[in-house]
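Record features, source TrEMBL:
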type     : residues       : note
ACT_SITE : HIS341         : active site, nucleophile
ACT_SITE : HIS562         : active site, proton donor/acceptor
BINDING  : LYS343, LYS564 : substrate binding site
COMPBIAS : 211-221        : compositional bias 'Basic and acidic residues'
REGION   : 211-239        : region 'Disordered'
SITE     : SER587         : site 'Interaction with DNA'
Amino acid sequence: MDHRAVRALKQALRKSMRGTLAQLPVDQVRQETSSVVQKLLAMEEYKKSRSVSVYLSMPSGEISTTEIIEDIFRANKRCYVPRCDGENMEMVRLSSLEDFQSLPRNKWQIPEPPLDEPRKNALDEDGLDLIIVPGLAFDKEGWRLGHGKGYYDRYFAKVAERSALSGKALPTTIALALSAQIMDEPLPREDFDQKPQFLVTATGVVREDVDNDHTTDHDSDATEIMGQDDPQDKGKASTSPTFVNPRIFLTRVRDLDSFENLGSKSLRDLLSVKPLECMLQFNYMVELSWLMSHLPNKTIPVTFVHGFRGESLDYLREEASHFPNVRLVTPNLPIAYGTHHTKMMCLFYVDGDAQVIIHTANMISRDWGNKTQGMWVSPMLHRKLGTGSCQFESDFSEYLAAYGSSMRHWRERLQTYDYTQCKATLVASVPGRHTGNDMYKWGHLKLRRSLEKVSIPEALRAKSLLIAQFSSVGSLGTSDEWLMQEFGNSLSACRNKQLGSNLPMKLMFPTIDNVRTSLEGWAGGGSLPFDTKNWVKQESYMRPRLCVWEATEAGRPRAVPHIKTYTRIDPESGEMGWFLLSSSNLSKAAWGSVEKKGTQIMIRSYELGVLIVGDDFKTDSTQKAVLQAVTVAGLATLHPKDSPSPNDASLVVPIRLPYDIPLTPYKPHDVPWTKDSLDESLASKRDTFGFFLKNGGLVK
């Protein structure tokens, strides 16, 4: 069944179940609650737990958790309860039973700690041993239908990521249900739905096990242990592929649903992993007050390297004057028309760890709302024990050195961390005219030099093409010389390249209709700078290569792309030779232009990206590693590891592309969005919100 049909069926079931639960007699709910709570408190999983998260129950229609909370405090366990802020849910600690009893109620009449109250977060402490999960409906195998907000799906994903970083076991999950909530037929399911390990009802306990045993007496010895290795298999190589986390994510899109936002991260998610000591931000644009509002602790020192000039810089300085903990850095741009376009954050935690995030979004509200954006999130970085370095650290340090003395302190601090688990290659641009060996440190020549180390399998070499996906187009010239001979030569590079065998290239850029029908309507075009005069000069060689923005299977329908990606891919199988996420758009200013008969490269702007290659994830030379494009539905079925074992013979590194493959070429009537699109071509067309575009403005 199509996932949209599944979601429609879920919505219908939710409506029906809410009606059923509203009619339940209060005495029945009270009696079943008593029975369910007794069974839960008798479970070994509950008895052994020290840190318990428990949902706060509604006034009617579900198992009340009041008695459970009372027992948690009697048993001197730590008690955590949900607190929601927008789409984000965290588990915060209650200090006492009196604290619980004094909680105000939210609009659904559920007790909830206020957002402005400082409370300890479960993920900032020792984590959780047990999560007691609510649900609207369940089937007899224990599958759960939630209330449709996706809070617990996202929280489980966050817990799993934290568990992988810390090495701590995942918490046990137990759901509680009234008899009226149990469906006779199996619930409709999507690939990302997660099944609680236990479901407790008034008549017994449903356990997740390989035999799908149904209701059983939990005191019996019939326990199936899941996920343990057969001792006879120790040391043997796994024959099935092992999926490995590439650490590439999309940002959460505000007006898309939880399925389409599967595995996505919001700015608040990134800044709330654990308590921050200080933060270093790199970007082009910033709304400082908006950024600071996302920090759990708004008093930490923040250094912001930005790209503002002129009146925009004056405004930023005035705004920064209200934040004594904020320091602004305005980098030098020695060549005209250059920008500071890098988008990166370096997060330093109270416990001494650090994290580097390289992404594509300006630090402004609209870039984190309804646009398609991407990020690479480093593993948690720990202090290194010796003085050695890896290639990632060397490239990172050299990039920071390009900023001069303003970054010396940060460069020295970042050199104290271990980057050996960063399975990516930095591809940066630094403004200047670079000669000699420095030519291959930056821009597309750095990418070329990096790709010359990558072996492409023969089958992929024969079928692959290049896809360049971007949100801005510069002046590339009247011929395709730079695009296909210079830039294309760099993107076609590989260790086993045949002489003169540049690959075909497809270009992905939104059409006027892509913008008009987007989640933002005409306003979405404000982040897609492309001049009509450049389009007229470049149409002859761009149009045959252009593809429209199609992203339904990718889970980003109608979300205007501000992300920039480049890849070598077989569009039929989805196998990739490599994948690059970058701040660099399709321009000479970003990637550089070779000058003086190939003796120097001129770059105008600061840019930064990460190159992902399958072989970098190998832990043994005998392993085979494949980079594979996946849709959001495909991603939902996977549970990638952060660190594969040498015994894993075959590795698959899944990359969630932000667009659909196969690609959809421009039709003859399709026109790319340009910021100065002719009014007459748009005058008769309304956007998503019913507006016309007229004289540079929006009219009804």
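Every residue, even glycine, has its Cβ placed from backbone N, Cα and C.
Those TrEMBL annotations? Automatic predictions, nothing curated.
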Report, in whole Å, the straight Cα-to-Cα distance of SER587 (site 'Interaction with DNA') from HIS341 (active site, nucleophile).
12
Within 10 Å of the Cβ of SER587 (site 'Interaction with DNA'), how many other Cβ atoms can be counted across all chains shown?
24
Take the C-alpha atoms of the residue listed as 'active site, proton donor/acceptor' and SER587 (site 'Interaction with DNA') and report the distance between them in angstrom, rounded.
15
Pairwise CA distance, LYS564 (substrate binding site) versus SER587 (site 'Interaction with DNA'), rounded so that it is a whole Å:
12
Write out the long-range same-chain contacts of LYS343 (substrate binding site), meaning residues 6 or more apart in sequence whose Cβ is under 8 Å from its Cβ.
PHE282, ASN283, TYR284, ILE358, HIS359, THR360, ALA361, ASN362, MET363, SER583, LEU608
Could you tally the C-beta atoms, other than its own, that fall within 10 angstroms of the C-beta of HIS341 (active site, nucleophile)?
26
So for the residue listed as 'active site, proton donor/acceptor', how many other CB atoms are inside 10 Å of its CB?
23
